[in-house]
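According to TrEMBL, the signal peptide annotation covers 1-28. Positions annotated as repeat 'PPR' by TrEMBL: 151-185, 186-220, 221-255, 256-290, 291-325, 361-395, 396-430, 431-465, 501-535, 536-571, 572-606, 607-641 (among others).
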Amino acid sequence: MHVCAKGIFVSPNVVSLLLGSLVDSHCADVIVDKYGELCSAMREQSFSVYEFVMNRFMNRGEVEMGFGFHKALIEGGFGLDIITCNKILKAIWMQNDIGVADDYFNMVLRTGPKPNVVTFSTLIDAYCKERNLDKAFELFDVMAGNGVAPDLIVYSILIDGLFKAGRLEDGHRLLLVALDKGIKLDVIGFSSAMDAYVKIGDLGRVIQIYKRMLNEGISPNVVSCSILIKGFCQNGRILEACGLFVQILKLGFEPSILTYSALIAGFFKSGNVRDGLYLYEDMIKKRCEPDTIVYSVLINGLCKQGLVGDALRFFFQAMNRGLSPNVFTLNTLLDSFCRLKCIVGVMKVYNLMGMLNIKADTVTYTILIKGAAQLGRVDEALLLFFQMLKKDIKPDVITYCTLIDGLCKLNKTSAGLCIFDFMCKNAVAPDIAIYNVLINMHSREGHLEAALELFVHVVERGPKPDVITFNTMICCYCNFKRLDDAVQLFAKMTSEQLRPNAITFTILIDAFCREGRMDDAMLIFFKMLEEGPEPNLVTYSCLIHGYFKSQSMMESGLKLYNEMLENNIAPNIVSYSILIDGLCKRGLMKEASDAFQCALDKHLLPDVIAYTILIRGYCKVGRLTEAMMLYDNMLLNRLTPDHFLERTLEEYQLQKAGAKHFCA
């Protein structure tokens, strides 16, 4: 209670009612006339007349009336408090009206009271959150022009804003400027910078910032350590991540959900499911309740390891804990079922999204389109694409690439090109992956000139070609037996600082082998051994097959096969088939039979080709009994012989005058 001049006790509630009535009646001039008396009367009650009236005007949307009230008080000689003005500024911004907040700030700047660092930081923060960094830095310059020195908060807001906007170099530069000016940035500012670089996978810069933080005498907290752990895990440096995790424990920090989720994801990425699950159990024992992020990491990691059943177990465990799955989790499950070609699973997850009121996004439709295309369901893939357009879900470049690739692989090239044109018309810039798909499509269809035209386009205009682009074009040249052009392109690739991979070398080696140019093939092979990468099973198989095609070079083929084994490259059924074929051609049937048995012992199931090679080998040396036994074994294994094998057996049976028995 307070005693007014007339001896009447008035509470803040009564004053609020009075002021509210005057504002609502547009009688602000009355408040201005009595402003001094009202402020004096309410000073001990911690009641700000100015704050109440301004908030009332703003809440009513009567901005001009509020500004007029402010100006009238200034003109009346009343000294306003900048702290109260800062409160009004923040309140206006919190009402999501950045334009009005800016107008209010400019009015205060013109009329007074003089803005302080909090005034500027409030509006700078508002513009950063609105992603309007140009305006934020404009205010930063105005601040300097008004003699107000930026403090830790201002620099932290701007640095964080730059990093969140993806302007990492600008953010890092401002961080260094702040440090050079003697601003003691806190662990939050450094963590913000580290997190931004982790998101783009620049671990080197993350470590650099972390070390600078330590040099500045700032102790890391669990957040900064967790961010660094995440960076280590993303780059496969799991041992260093584990070491930092142990350090967190030694420092007495309690690992957070962020810490656990980062390290669990790291274990799964490295294929170490056991330790990932062990860490999850440890988290539960320490009563750190898993959230949606942890469950998403578990489900995503298990799905990528092909453990969909375990992923589903955690999915339902999360549901039972009352945690609602997000679209990322459900997309992960959708993708796994699509990879398994399990339509029932796909439909159940998709229906569950509807039941949980989780809206399908671009990624959802991209996964479904890919799944439909892989099953050969072209119409469904196109239907899904147009369905997402109808729902105003914007396809991104990955969606277009997925659909175009699917259509091209199903020989629907006209439809694929139509989608490509549609994408360009809708201002979605094709990336190099899409051009790779189109170049490959033209190559498979025998349209060398069209493939070359697209290749020249990306070389001259972009997007910048990658290793896959060059591999595709080199393969195209090889298919047309233009090996000299292929070799020239290989040389151009290396001159443009693109490192050829195992596929590049293998394409060329295979092409030379098919043409019987084994010396040229071996030159490429030796270059591969010298410069890297390591030859793989396919590389060796191409060379061995090339040597086996010539009776005079079979020794070289066998030597290369043994070299492959010495290099711990395990053969598959294709390489075994090549070996068996080579042995059969030399009449070494025992060795061929032993190789066939070796494949069986290694649980490699022979295909029709492998059976045909060995059966034909037996027939050629007149061992029809073994040939027929192997043929029967093939039928028992539910393999359907092709016409070539049946014709082979028939010919050799006729030679032995056993045609009637065979045909019966």
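Note that Cβ sites are derived from N, Cα and C of the backbone, with glycine treated the same way.
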Report summary line: Under 8 Å Cβ-Cβ from the repeat 'PPR' (536-571), and at least six residues away from its ends along the same chain, one finds 502, 505-506, 509-510, 512-514, 516, 518, 521-522, 525, 528, 578-579, 581-582, 585-586, 599, 602
Query - the repeat 'PPR' (396-430): DSSP-derived helix, strand, coil residue counts - result: 26 helix, 0 strand, 9 coil
Query raised in the report: What are the helix, strand and coil residue counts for the repeat 'PPR' (291-325) according to DSSP?
Result: 26 helix, 0 strand, 9 coil
Query raised in the report: So what's the average pLDDT for the repeat 'PPR' (221-255)?
Result: 93
